[in-house]
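Novice: Pulled from Swiss-Prot, these are the listed features:
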BINDING   His14, His16, Lys100, Asp248  Zn(2+) 1 binding site
BINDING   His16, Leu17, Arg18, Asn42, His137, Leu220, His252, Ala264  substrate binding site
MOD_RES   Lys100  N6-carboxylysine
BINDING   Lys100, His137, His175  Zn(2+) 2 binding site
ACT_SITE  Asp248  active site
Amino acid sequence: MVTTLQLTRPDDWHLHLRDGKMLTDIVPATGRRFARAIIMPNLRPPITTTTQALAYRKRILAAQPKNLDFEPLMTLYLTDNTIPEEITRARDSGHIYAVKLYPAGATTNADFGVTCLHKLYPVLEALQQQQLPLLIHGEVTDPAVDIFDRERVFIESHLIPLLHDFPALRVVLEHITTQEAVDFIEAAPPNIAATITPHHLLFNRNALLAGGIQPHYYCLPVLKREIHRQALVAAATSGNPKFFLGTDSAPHAKTAKETACGCAGIYSSHAALELYAEAFEEASALEKLEAFASFHGPDFYGLPRNQDTVTLIKTPWQVPESLPYGDDALIPLRGGTTVAWRLAE
């Protein structure tokens, strides 16, 4: 039985850090586990320009403890008003690695998102020319579409036509949740990839809905049926380089989750790598974790793999029931329960 795992230090290719005084509560947990992270731009107001992204980067670095060497990889928030020249500025900055597409209203702070992709074709052409990846929250927001079908319908109605018009566009379909998304990525050319979260590997929609509403398991895209969870596990453990780690760790105050209309988002940075190890161990595929966590992401982004390592030890520990979050608290994924793997300090 494996009791110790030494891995090339991984990166998180989908992370929410928030802003302001919450940064000092959130950044350290990621920096202890990951060397780099793609930082989501859906602040309020969103990060829509290179100037804003570089300023946000400075705030993140200022919140980092002195003993950590964590690099935030910045992104821009695509809006109906984004111009091609901004894409050039982003690429030339040396610190912006992608542009994020949120369909308007699809998730937290997506009010400024895109309402019509066709109006942004000049921007998408610039992204294709600059080879700057487009990161996509792949769900439709049509109220007539069942929430459990929004990812599948987005792929069929929007993503396939988009890639027909921009075949060389580098795309990451973020936080995939369905068998249909797995099938699409597997059949797609090498410029198309996907991230997978720990919570979508470990849980199906029973965690959210069975035995009473569990607001701390509410995220977007929502947890799906067990058949879809199994498809995600098979993809993550397959060794296919198109699938890589992206936690989508998204902290919200406890009071914003435990309410009549709670926010979508699951916070997992406190134990992200440990939770991935648990999922891979359950699938008898621990030997595949390093490639998924440490190799596939940088290879897709054209970045060097990290040179240092992290070590996980098979020592159960109890996740705190809550963690500090500004003037409030947040409930971490698996709060108050035991996780099988521990990060060696």
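Here the Cβ of each residue, glycine as well, is placed from N, Cα and C on the backbone.
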Novice: What subset of the binding-site residues His14, His16, Lys100, His175, Asp248 lies within 10 angstroms of His137 (substrate binding site) at the C-alpha level?
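Specialist: Within 10 Å Cα-Cα: Lys100, His175.
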Novice: For the substrate site made of His16, Leu17, Arg18, Asn42, His137, Leu220, His252, Ala264, how many Å separate the two farthest Cα atoms?
Specialist: 19
Novice: Beyond His14, His16, Lys100, Asp248, what residues of that chain have CB atoms within 8 A of the centre of the Zn(2+) 1 site's CB atoms?
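Specialist: Near the Zn(2+) 1 site, the remaining chain residues are Leu15, Ile38, Met40, Asn42, Leu135, Glu174, His175, Gly246, Ala250.
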Novice: Near His16 (Zn(2+) 1 binding site), which of the binding-site residues Asn42, Leu220, Ala264 can be found within 10 Å, Cα to Cα?
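Specialist: Within 10 Å Cα-Cα: Asn42.
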Novice: Here are the binding-site residues: Leu17, Leu220, Ala264. Which has the lowest count of other Cβ atoms within 10 Å?
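Specialist: Relative to the other binding-site residues in Leu17, Leu220, Ala264, Ala264 has the fewest Cβ atoms within 10 Å.
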Novice: Taking only the binding-site residues His14, Lys100, Asp248, which one has a CA atom nearest to the CA atom of Leu220 (substrate binding site)?
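Specialist: Among His14, Lys100, Asp248, Asp248.
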Novice: List the same-chain residues at least 6 positions away in sequence whose Cβ sits under 8 Å from the Cβ of Arg18 (substrate binding site), in sequence order, or say none.
Specialist: Ile26, Leu43, Pro251
Novice: Taking 10 A as the limit, how many CB atoms besides its own sit near the CB of His252 (substrate binding site)?
Specialist: 24
